[in-house]
Amino acid sequence: MEIILAEPRGFCAGVKRAVDILAITLEKYKNERQVYVLHEIVHNKYIVEDFKKQGVVFVSSIKEIEDNGGILIFSAHGVSKNIEDEAKRKGIQVIDATCPLVNKVHKEAKRYENSGKELILIGHENHPEVKGIRGRVNNPITLVQTLQDVYDLKVKDPDNLSYVTQTTLSIDDTRDIIAALKLRFPGITGPDLKDICYATQNRQNAVKKLAEIVDMVLVVGSKNSSNSNRLLDLCTARGKRAYLIDNYRCVNKSWFQGVEKIGITAGASAPDILVDELMDYLKVSMNVEVSVMPGGIIENVQFKIPNLV
C-alpha cells in the first residue's frame, strides 16, 4: 500500500503565529498571571486540550474574566470592535493573535463602509471570523453563504455595493458566488479571490491534485475547522472516499479494504505531530511506502510576533 502526502499541508503562518503567541505568553506569565483565550486559539482539539493542560483558560465571553484580571488573548479568527472595547473597559490586558490576513479583511470592510458602500460578506453563519468581520463596521452586513442567497438578495442600491470574504472558504464555491454577484450587480466592487488566504488556496489546490491519484484521502483536522472541512468536501466532490479525523485513533481499518493508494493531508490548524502519529500508526499496522506528492508548493510565509509578547 502506498501513502502519498499532500504538499503543502498542516499549519499555516497565521495559525503558527497564534499558537506561538499563546505559548510565549504562557511561558512568560504562567507563575504570575492567569492567561485566558477568547474562544479557541485555533480550531484544533489537540492544540486546545494541550494548552488547557498547561493552565490556559478558554472562555466564551469576556464576562467570565474579572476586571483587571489576567491576560486575554484574542484568537486567530479575530474579534469585533465591541469585544475590544469591553476588554479595555474591564482593564484586561489584551494580546491580539488575530491572523494578519483576517485583519486585512477587517480593514477592507471598514474602508468600503467609509466610502459609503453597502456591504456583503461571503462566509459561514456563526463562524467566529464572520462574527469578527461583522463587528468591525457600524452598519449591518448582509451575509451570503450560497448561490441561492445571491439570487434572493435584496439591496438598497445595486450600484453602490461592495463585498468581502471569510478567509477559509472553498475557492471554487466562492468564485461561483462572486461571479453570480457580479452578474446580478455589475457595479459591485470587491477583492476577487484575494481574501481567500494563500494557505487555504494552496491546501485546496494540493488536495484536488491528490484526489486524482489516490483511492482514498484522510484529512487530519477538527470537526469545527472550516478549512479542514473544505478539504474533505473537495475530495468527496471528486468521487473519492475521504474521512476527517482528529488523530490516528479515529482510523477504522475497514476503510482500507481494496485501497492501494492513500492520500493524507491536514487542515491549516492541524499540527505536524498529528500527521506524524498517523504515519507511525499506519507503518506499524500495514506494509506501506510513503512519498510526497510531486510539484507541491513549499511555503515560507512568516508573520511577526507582536512586541507585547
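Using the three backbone atoms N, Cα and C, a Cβ is placed for every residue, glycine included.
As recorded in Swiss-Prot, the features of this protein are as follows:
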BINDING   HIS43, HIS77, HIS127, SER225, SER226, ASN227, SER269  isopentenyl diphosphate binding site
BINDING   HIS43, HIS77, HIS127, SER225, SER226, ASN227, SER269  dimethylallyl diphosphate binding site
BINDING   HIS43, HIS77, HIS127, THR167, SER225, SER226, ASN227, SER269  (2E)-4-hydroxy-3-methylbut-2-enyl diphosphate binding site
ACT_SITE  GLU129  active site, proton donor
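Neighbour counts of Cβ atoms within 10 Å were compared across the binding-site residues SER225, SER226, SER269; the minimum falls on SER226. Here the Cβ of HIS127 (isopentenyl diphosphate binding site) has 17 other Cβ atoms within 10 Å, regardless of which shown protein chain they belong to. On a Cα basis, THR167 ((2E)-4-hydroxy-3-methylbut-2-enyl diphosphate binding site) lies 8 Å away from the residue listed as 'active site, proton donor'. The (2E)-4-hydroxy-3-methylbut-2-enyl diphosphate site is defined by HIS43, HIS77, HIS127, THR167, SER225, SER226, ASN227, SER269, and by the 8 Å test on Cβ atoms against their centroid, the other residues of the chain that qualify are VAL42, GLU129, THR168, ASN224, SER228, GLY267, ALA268.
THR167 ((2E)-4-hydroxy-3-methylbut-2-enyl diphosphate binding site) sits 9 Å from ASN227 (isopentenyl diphosphate binding site), taking the C-alpha atoms as the reference points.
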